[in-house]
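Trainee: The feature domain 'Beta/gamma crystallin 'Greek key' 1' is assigned by Swiss-Prot to 24-63. According to Swiss-Prot, the feature domain 'Beta/gamma crystallin 'Greek key' 2' maps to 64-108, an assignment based on sequence analysis. Residues or ranges marked as domain 'Beta/gamma crystallin 'Greek key' 3' in Swiss-Prot: 114-155. Per Swiss-Prot, domain 'Beta/gamma crystallin 'Greek key' 4' is recorded for 156-198. What Swiss-Prot lists as N-acetylmethionine is M1. Per Swiss-Prot, N-acetylalanine is recorded for A2, and the stated evidence type is similarity to another entry. Per Swiss-Prot, region 'N-terminal arm' is recorded for 2-23. Look at Swiss-Prot and you will find 109-113 tagged as region 'Connecting peptide'. According to Swiss-Prot, the feature region 'C-terminal arm' maps to 200-211.
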Amino acid sequence: MAEQHGAPEQAAAGKSHGDLGGSYKVILYELENFQGKRCELSAECPSLTDSLLEKVGSIQVESGPWLAFESRAFRGEQFVLEKGDYPRWDAWSNSRDSDSLLSLRPLNIDSPHHKLHLFENPAFSGRKMEIVDDDVPSLWAHGFQDRVASVRAINGTWVGYEFPGYRGRQYVFERGEYRHWNEWDASQPQLQSVRRIRDQKWHKRGRFPSS
């Protein structure tokens, strides 16, 4: 369900990753198609290339989800990794801009329920769109523009995309407040689609099928 409102409303929670519960396991391979040297992780890794792998060519997520990054220390372009197989770099990079993956961490899914507020301007001002327990492949289709300058993730964990159809750079919103687009590491206030990240603890669907 997606609804629009004209004025901002009081925030629910402060920005916090909280404690990670449950089981996390990912297998990384140096070459494509799950070949070459491999390593298994069950916790965050700020630098894969320091001692584990020279590069990442393919990935198998056995339990998760995970958030991977283009650069060390959880920086750069973000890649959401849900349960499933990723035989090549372009299976996890919707933007197709970079084949680099140098750090990753488990994603905290704190609730089976999802609620997100999108705002046109920074500091939760301007036009507002509310999304509850739904995926939205096009904000335009719901009468909302592509400019999103601040976000409140009230329940659940979400991923937003630059373009419709879940394409382009990915931006993850864990429960909390994002007063300005630079707080989700975007260079401009552009989001055109958003969806829920769903843990198999509550949802058995597994990996989201990208278009």
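Note: Cβ is positioned from N, Cα and C throughout, glycine not excepted.
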Trainee: Could you tell me what the rest of the chain brings near the domain 'Beta/gamma crystallin 'Greek key' 1' (24-63), counting residues at least six beyond its ends with Cβ under 8 Å?
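Mentor: Those are 72-74, 81-89, 92, 100-106, 200, 207, in sequence order.
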Trainee: Mean pLDDT over the domain 'Beta/gamma crystallin 'Greek key' 3' (114-155): what is the value?
Mentor: 95
Trainee: How does the domain 'Beta/gamma crystallin 'Greek key' 4' (156-198) divide up by DSSP, counting helix, then strand, then coil residues?
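Mentor: Output for the domain 'Beta/gamma crystallin 'Greek key' 4' (156-198) reads 4 helix, 23 strand, 16 coil.
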